[in-house]
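Just below is one structure, and these are the notes that go with it.
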């Protein structure tokens with residue numbers, strides 16, 4: 001089991017969660033307006049049937065898509081909208097990216113520890129990675145990326161909090177099977 | 001022309017009709033009507049074929065609401081008629097239908113077929129939309145936005161930023177609003193939001209409101225003497241950012257992609273210097289041009305020195321750096337070195353061709369420094385280059401040079417060691433310990449011995465007569481012959497010539513190859529005589545080579561001649577006076593002026609040009625009372641003068657008085673000898689402490705405050721010549737006939753003009769006349785005559801041997817004619833006192849007998865004198881005839897008293 005400090009994750013993800021609201025405030029989007037959800041991350045639907053490994057893989061895949069989207073969003077934002085702005089938003093955006101990468105690394109380690117094999121990189125095929133061209137839609141796209149990040153960060157928290165007991169059960173189950181097999185022998 | 005206005009429920013519609021009348025035929029209907037929209041400029045271009053007509057009615061209708069919009073005439077262009085119409089709303093907001101008809105006066109053709117420019121609110125486009133998108137406009141302009149609501153949803157509001165705007169309905173799904181006088185946008189533009197009646201964001205747009213570029217201050221310069229680097233001020237913020245909206249620059253047609261967008265100043269380079277430079281700045285709102293022109297040589301700004309290194313020493317450091325351009329090798333540079341230590345920054349400036357190293361002087365040892373360098377060109381200086389990176393170093397620890405030491409021997413044989421310490425104040429953290437090592441190797445007489453030095457000084461005194469030197473250009477110019485023994489150079493020493501003790505001595509060391517200097521000091525004062533001595537420096541004791549005397553500025557004497565007296569000799573009057581103290585001369589005495597004082601005016605009788613003269617005889621005066629004034633003079637003028645009065649008597653009466661005086665003197669001497677034989681002086685008690693005479697020239701007692709005490713080693717043989725304090729009497733004997741006559745010689749006060757008996761000096765109380773009362777009957781009472789000139793007040797127990805002026809009064813001689821002005825000063829009341837004539841009065845009783853008068857004729861019981869002084873028999877002004885008798889009597893009397901010397 002890798003040394004994963006959940007409290008660190010919680011602290012780090014707080015910033016990821018708040019980033020979209022910061023973006024919203026920056027763009028003068030009134031709080032009383034509702035922005036329709038537009039999912040950008042494509043993963044298999046959640047199910048209670050998923051085992052720990054599948055949950056981790058699903059989480060890891062979603063975070064990986066989030067990072068790809070965020071990288072593209074940052075690039076597009078620099079090209080189309082920024083260039084001169086070197087303020088809090090930029091530094092916070094960089095911090096979000098760094099912490100997302102750390103979260104990805106940790107979930108990858110967890111996945112490897114659970115599966116025992118190398119982590120397969122999820123395919124980004126079909127991901128709307130280029131984004132729109134109209135600036136208002138670009139802003140909405142970036143906003144939605146932050147919303148996705150918000151969603152998957154919360155999912156990561158939930159998943160990681162439930163992980164120790166799950167892995168313990170899994171370990172126990174695996175041990176029982178091995179014991180039965182060895183008894184048969 | 002007609003203008004008619006129709007008001008519908010929402011729209012204000014203007015309809016214009018222009019009529020041009022040619023003839024009354026029916027115009028043809030416009031054919032081949034076409035519409036060409038420009039969505040960006042919201043401009044619709046109409047073109048058609050209109051036949052012969054020159055006037056047309058055009059009707060543009062919002063299709064859905066069937067509104068008449070505008071009807072205007074159009075011009076004919078090559079048979080093709082064309083007209084541009086700019087819409088307030090974006091052309092996408094809703095569909096427009098266009099019809100055209102020809103007009104001929106009041107006669108019009110039928111309307112052409114309707115041509116429709118479809119909007120984006122067609123039912124086939126079900127999504128919500130907003131126009132215009134990503135528009136860039138100037139600050140202050142008005143922009144109309146329209147929102148096409150998604151099919152099936154209800155319109156809510158349009159917000160400009162977060163401000164809800166008033167809207168106009170354009171069609172079933174299209175709503176518009178106009179923002180007037182827009183202010184500049186933020187970096188990411190200004191957002192316009194369209195929301196549904198359920199406050200769901202439907203769509204939006206971004207508008208960028210900014211300015212066209214307005215750069216300024218284009219300046220081009222070269223760093224490498226080949227290429228050009230141009231800088232300019234970007235000017236006001238355009239508020240337009242991003243790849244599409246930012247400002248682009250070209251310099252002489254070349255794109256300046258390296259121009260930094262985020263700085264106030266931008267720069268762009270050209271590979272070759274072109275004397276004329278044109279900068280063009282462009283953005284979506286406009287462009288602006290700047291020009292600059294100059295020769296390359298006038299615009300050289302060196303690069304920052306590279307690879308700064310240092311070679312550090314204690315008091316200085318060599319800085320070295322490199323230039324990355326070869327052209328600098330022949331470039332005359334001026335460089336600034338900024339030196340920072342302890343938060344204190346100083347700047348030094350250096351120059352040179354291709355300068356790449358400097359020596360920074362006046363650093364302090366063991367000190368941290370931070371240094372940086374920048375340079376400019378010397379010729380046609382344009383601007384300082386960039387500073388180099390800072391270089392930090394710490395200076396070395398220094399072992400200071402031996403201090404500049406000189407030694408001064410006081411009159412009491414005390415050695416005073418002096419040194420100059422100015423350089424050590426720069427040590428901040430170093431502990432400076434000055435160790436004084438005084439070597440007295442008395443075993444080896446060839447080495448340093450200050451008694452030797454003193455003795456040699458005295459001998460040099462005989463050998464060297466001081467030269468006079470005139471102060472000029474801020475110092476005393478001194479030059480001398482090179483001395484072969486001066487292996488380590490020379491020392492020039494100077495001091496106040498009249499100083500007696502603890503003199504302020506200054507000196508300067510001169511290299512062996514120099515034989516002239518200008519002795520300079522900020523302590524030189526006008527009216528003060530300075531003695532300047534040149535010593536050779538070698539491994540032996542310094543040798544006195546030359547001596548000078550001079551004044552920084554000569555003044556008139558500050559006091560007149562002392563002890564001015566008059567004496568009748570035969571029918572003449574002899575005026576005698578004492579020597580003006582050195583400190584009062586304030587210049588080299590050139591002589592004396594003798595005046596006859598008539599009370600109201602002075603009549604010059606004589607100019608005694610010999611400053612050594614002490615008397616002058618006035619001849620040929622008739623009997624009567626006279627008043628004479630004697631004034632000494634220097635190059636600066638004469639003093640205020642001393643005055644004496646005398647009553648000239650007839651010659652017979654003068655002889656009578658003289659006989660009486662002589663008899664009295666004989667009687668006096670007999671009494672003295674009897675007292676000496678039967679009532680010798682009782683020695684005075686010896687007391688500890690410094691009881692030196694007031695101005696005694698030789699005080700052998702070491703001063704308790706001397707900085708260095710000469711300690712004699714036990715092995716030292718005091719009988720050795722070098723260590724024997726030479727009795728001044730011996731020296732005086734040596735001096736007889738050998739000593740150059742120089743009454744202005746200041747060192748005479750130190751080493752000469754003093755007679756010391758070879759017996760131990762007894763301590764004396766200042767009022768020795770009282771304390772020595774017990775010595776009245778002592779046969780050992782000593783009288784020491786030193787030849788010191790003192791004032792009458794300071795004489796203490798001493799009384800002059802002869803007081804001619806007073807004698808005349810005591811003897812009851814006829815008083816001279818009364819003078820209107822007061823008698824000479826108290827000092828002068830000892831009129832006849834001469835330095836040679838002081839007696840040590842040991843008998844207060846006799847002092848009382850003398851009536852307490854200073855010019856006492858009291859009879860000391862013991863007299864010791866090495867120079868007995870009576871009227872000068874050798875005076876040149878002594879009359880030939882009658883003087884002989886007087887002289888022989890004096891000689892007899894002299895011999896008689898000399899035999900009384902123990």
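Each residue, glycine too, has its Cβ placed from N, Cα and C.
Under the heading transmembrane segment, TrEMBL lists B:7-26 (among others).
Per-residue pLDDT, averaged along the domain 'Fibronectin type-III' (B:29-124), amounts to 81 for this model. The domain 'Fibronectin type-III' feature in TrEMBL is assigned to B:29-124 (among others).
Under the heading domain 'Fibronectin type-III', TrEMBL lists B:304-398 (among others).
Taken from TrEMBL, the feature transmembrane segment covers B:417-441 (among others).
Positions annotated as domain 'Fibronectin type-III' by TrEMBL: B:556-653 (among others).
TrEMBL lists B:728-745 with the feature compositional bias 'Acidic residues'.
The region 'Disordered' feature in TrEMBL is assigned to B:728-902.
Annotation source TrEMBL lists compositional bias 'Basic and acidic residues' at B:756-765.
Taken from TrEMBL, the feature compositional bias 'Low complexity' covers B:767-778.
The annotation compositional bias 'Polar residues' is assigned in TrEMBL to B:781-793 (among others).
If you look up TrEMBL, you'll see B:858-868 (among others) marked as compositional bias 'Polar residues'.
Positions annotated as compositional bias 'Polar residues' by TrEMBL: B:885-902 (among others).
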Query raised in the report: With DSSP, how much of the domain 'Fibronectin type-III' (B:304-398) is helix, how much strand and how much coil, in residues?
Result: 5 helix, 51 strand, 39 coil
Requested in this report: Count the residues of the domain 'Fibronectin type-III' (B:556-653) that DSSP assigns to helix (H, G, I), to strand (E, B) and to coil, and report the three numbers in that order.
Outcome: 7 helix, 48 strand, 43 coil
Query raised in the report: Which residue counts does DSSP yield for the domain 'Fibronectin type-III' (B:29-124) in the helix, strand and coil classes, in that order?
Result: 0 helix, 46 strand, 50 coil
